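Following: one structure in structure tokens, then a few remarks.
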């Protein structure tokens, strides 16, 4: 029988549409800067649409994943292994950034006097209360009310409530089936909405890129270009050497994985926010063969604790400012910087500008590097945010697959099949593919039913 070709025409693929949108945005922003800046609402509107759906998707995914598990001990094991992975790999990212910036030294010879820098532009990032302390950060994980957590879209707060709800629903056994089925069906509705939102992703990427080029100009890319080139190169080394090695040790190719999430990467490239594809990334990973409970726990947590691109940026930017302002940093001072960053880097979120806020807080905490030096990189920070967001996204995707492999929640055969023989429908509409699968409550435990 003749094989039917289900491939879409190129012009209908999200991959092609986003590429065209990004190029169009660059052209408009470069030749018509005022018009480019006016496109900002398109990018902002797209990200707001995504943020609108993130909290309920995380809630549904985590609840269904946990309530559907046979062994509750696996939830704690999954969370513990995820945090261990995050700490080790983000530490490697910090060390890699520190190593390369000391080898290349892009700031050496600039001889900038910090007192001559215009610090008005960085005032918004260095004001009081911009960066939480450790205790404040932990307390902020607990919402004032459940409604408040959803209303503000606080990912970790929603995650905490979802985990507790999932445990409680699991304890009900068969009596909780009605609630479980409702939440499971509701999650499919939400992912269908995500599919609708992604139809306008090219418009969002176009607007965000046109605004960036129109406001900051291509010329700002040429200034401080050595730092940008060094940072982008370091991110590539981290992705293909560090993450590539981790992927290979766990049975998959980083090249094939990147190809699998290419649409998400292009959207992130256009919007500079890895959060813009969080719901779609969850659908993609579940479609890849990762159990729903692992996806629901690892991905949202990773957006606060596993920001590899941001970690690289923080060490490189801090040492670059020291080099440019002729501020000597000996080994002890650099190790102190590293220790502070191990804490402050966990306070960044997957949104545009968070890395700059964390950097400002870190320089203030260390005290050795002049905070005024932030003005040096303010103009190009927006352009480096693309590499940060892309690296963060790939890092969280790899982390989810690895943790799933460790806990036995990864369908290896399905993953290999998806990475090798992905169809256009799976690439463009993972939300639709999920509708072909179903999750069920575990078998009723009579003892649990009697206790309830």
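Just so it is clear, glycine is given a Cβ too, placed from its N, Cα and C backbone atoms.
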Given ranges 315-335, 336-356, 378-398, 399-419, the stretch to which Swiss-Prot attaches the annotation transmembrane segment: 336-356
Segment assigned the feature transmembrane segment in Swiss-Prot (from 227-247, 248-268): 227-247
Stretch with greatest number of CB pairs under 8 Å, the transmembrane segment (49-69) reference, 14-34, 81-101, 149-169, 189-209 candidates: 149-169
Among the ranges 14-34, 81-101, 189-209, 227-247, 294-314, the one whose Cβ pairs under 8 Å to the transmembrane segment (149-169) are most numerous: 294-314
Stretch of maximal Cβ-Cβ contact with the transmembrane segment (227-247) [cut-off: under 8 Å; candidates 14-34, 189-209, 294-314]: 294-314
